[in-house]
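Novice: First the structure, then my questions, so here it is.
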Ligand SMILES: N[C@@H](CCC[C@H](N)C(=O)O)C(=O)O
């Protein structure tokens, strides 16, 4: 058996994907945090913002805890790791790529995914589907605000809305020049509000929500466990929610177009849920060498 990998991305949020349907190739004691970090290294490894292990839920030891009585509804589990080896509850770009890989690897039929399939994640089950235009959608559940916070970048403070999409976000709308922000280091945040760390979005509003027209925003993001990335799907959802909630009398639901450095995502916000739409691409496939794995 080979140690096969795929490389793929969603709006340039890129991942090493490890097909492991029966859970015998990459159990947790083999795919440990150190190996995840090595895989994600851009010069000495394959390079990526994280790792996605494509595995059936029954082979994931913590799946019963995170999925509860929905375990039987989720044949597949997105076992996601950040580039630093940590687990995240949810990944909006990753889960679209996950479904795309299930399709391209012949593990699911694309036509059968039109109404979505439930995929297990550490944030619970999520319905993910294939759209007729070749993109994918994922129902992320409702955005949950949990207070106001502040991010500091090079001494400059940015007020923001804390939002959970399963994983934590701080969405900071600003008039500052986004391109001038130095995101090479993690923004300073209040650890009491974010005991498990946070993903921070800096957002410029390009068009406010209006009757008959989609809102439009642009963002840069610093991700927990990774650094600055070219896109964040959960971040786009948290941003869409915050952008709609920000208008005092504005609509609390609608469609928000979210431009990220790596492309464009679209988010439909409604009272009960948040649906993310975007592309997913497999770039390459290969095999890890024994020379690299054993070194
Ligand atoms: N890029 C992802 C989010 C990945 C997890 C995040 N870094 C965290 O630790 O919460 C996305 O597309 O949502």
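Just so you know, glycine gets a Cβ as well, placed from its N, Cα and C.
Since the structure is predicted, the reported quantities are computational estimates derived from the model, not experimental observations.
TrEMBL feature annotations, pasted as is:
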ACT_SITE  91  active site
ACT_SITE  91  active site, proton donor
ACT_SITE  232  active site, proton acceptor
BINDING   13, 82, 92, 93, 167, 199, 223, 224, 233, 234  substrate binding site
Novice: Which residues, in sequence order, are found in the same chain with Cβ within 8 Å of the centroid defined by the Cβ atoms of 13, 82, 92, 93, 167, 199, 223, 224, 233, 234 at the substrate site, excluding those residues themselves?
Specialist: 88, 90, 91, 94, 221, 226, 229, 232, 235
Novice: Between residue 13 (substrate binding site) and the residue listed as 'active site, proton acceptor', how many Å separate their Cα atoms?
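Specialist: Between the Cα atoms of residue 13 (substrate binding site) and the residue listed as 'active site, proton acceptor', the distance comes to 7 Å.
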Novice: Would you count the other CB atoms within 10 A of the CB of residue 223 (substrate binding site), including those on all shown protein chains?
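Specialist: Residue 223 (substrate binding site) is surrounded by 29 other Cβ atoms within 10 Å.
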Novice: Which ones in the same chain are close to residue 167 (substrate binding site), with CB under 8 Å and 6+ residues apart in sequence?
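Specialist: Long-range Cβ contacts: 88, 89, 90, 91, 123, 199, 224, 234.
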Novice: Would you find the one among the recorded positions 13, 91, 232, 233 whose Cβ has the most company, meaning other Cβ atoms within 10 Å?
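Specialist: Result for the most crowded candidate: 232.
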Novice: In Å, how long is the longest CA to CA span across 13, 82, 92, 93, 167, 199, 223, 224, 233, 234, which the record gives as the substrate binders?
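Specialist: Greatest Cα-Cα span of the listed binding residues: 16 Å.
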